[in-house]
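Colleague: For 12-33, 45-68, 89-113, 119-138, 145-165, 185-208, 229-250, 284-308, 320-337, 343-366, 378-398, the entry in TrEMBL reads transmembrane segment.
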Amino acid sequence: MSQLEPEQKRIRAALIGAAFMTGASSIGPGFMVQTSLFTAQYGQSLAAVVVAMIVMDTVAKLNIWSILGISGLRGQELANRVLPGSGNVIAILVTFGGFTFAIGNVGGAALGLNAVCGLPLQAGYLLSSGLAVSLFLIKNASNGINWASQVLSVMVLVILLIMAFQTHPPMNRVADGLLFPEQPVSLLVPLITLLGGSTGGYIAYSGAHRFLDAGIFGRENLRGIQKSTLLTCGITGLSRILIFLVVFGVCAAGGNAATYAIEAAENPAAQAFLLGAGELGSRLFGVALFCAGITTTIGSSYTSVSFLKTLYPVVGRNEKWFITGFIVLAAVLIAAIGKATALLVIAGVINGFVLPMTLAITLWSIRDKSIVGEDYRHSRVLTVTGIVITAITAYAAFRALPSSLAMFY
């Protein structure tokens, strides 16, 4: 029994770390800004989108993490087993999306430092990317990444909770928006945009690749993997609810003037925090944005490189140096171009299509006993709901495509 305890503790720590890495990656600067903007635009009806996202996120991740966990295969490996060549395509799409979001995340962290202490953006890019790189280069990088993900995630949640109490959102109107949303079809645009940016692409695989790298897979670990999945969905779900409540509270209290100010602002989330709590709100937003920027930079860099390392052995042999180069290049590009708006829109659109594609391939793999094992029976409830989510997200991605591309014009 004493020999098993250290191994059990290692597995538990790895699964918790995987959950927090994914949870932290889901609440990046882009998600905060987009949620704030959509809350101002759609008001209380966005409550229905938030709840739908939580349900769809949970179903998608339970399917993907369970099947990857039982098979011991990473996303690209499993896809290539199901449809040869598809894993390579997914790896390219996920890496592009992860790199694009890394550019925006380094920029978001720098903006957070600027809001907190007035640090120039160029210095913020250097400091933020340097901090993220250092976590991968320290002696016990795995523990360092787990610790950073947990601490920074909790800090973001605490700040959002403080702001939610400060802004006093009218919960009766939130309930109305949840049960009776206005123009439900129009909500497909925020649904697929937010779902693609916080569930699609690299984020769907972030935690799964993390526990696979720790050697955690197989039937004996399935229950722990599913608990880890629910933990990460709880973290992301709570953060989504809190961001919505903060901004809706500001809009409800300030009326049309506050709503217009948030919609018209260059950074809608920053404007909402400023209107909600004045100068203190701006400082709190800066801290939250910095924490979110660092954690999402870590998650996007790690997961993107994990997709490449099994396809290109040289990447696997020099993983930490490729991650370092990934982050440094993202910092150089954001410093050079200042904004990556167009790239982020493209990445968001791609992620919107990547989610149904990867979920469909993952669900199809359960038919192959050489992948999941002869005695494995995937949950029928998860299979059916997974198919439904695949169909909904594919439909929503196509419906939202014209509106997403219209952002360029």
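From the backbone N, Cα and C atoms, a Cβ is placed for every residue, glycine too.
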Colleague: Go through 12-33, 45-68, 89-113, 284-308, 378-398 and flag the stretch with the largest number of C-beta pairs under 8 Å relative to the transmembrane segment (145-165).
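Modeller: Ranked by Cβ pairs under 8 Å, first place goes to 284-308.
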Colleague: So, does the transmembrane segment (89-113) come close enough to the transmembrane segment (284-308) to give 3+ Cβ pairs below 8 Å, pairs being at least 6 apart in sequence?
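Modeller: With 3 or more qualifying Cβ pairs, these stretches touch.
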Colleague: Which listed stretch (45-68, 89-113, 185-208, 378-398) has the most C-beta pairs under 8 A with the transmembrane segment (12-33)?
Modeller: 185-208
Colleague: Same-chain Cβ contacts of the transmembrane segment (89-113) under 8 Å, 6 or more residues past its ends?
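Modeller: For the transmembrane segment (89-113), the list is 28-30, 75-76, 79, 119, 121, 123-125, 127-129, 132, 197, 200-202, 205, 267, 270, 285-294, 296-297, 300-301, 303-304, 307-308, 311, 326-327, 329-331, 333-334, 339-340, 343-344, 346-347, 350-351, 354, 357-358, 361.
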Colleague: What residues in the same chain, six or more past the boundaries of the transmembrane segment (378-398), come closer than 8 Å to it by Cβ-Cβ distance?
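Modeller: Hits for the transmembrane segment (378-398): 56, 59-60, 62-63, 66-67, 188, 191-192, 195-196, 349, 352-353, 355-356, 359-360, 363, 366, 372.
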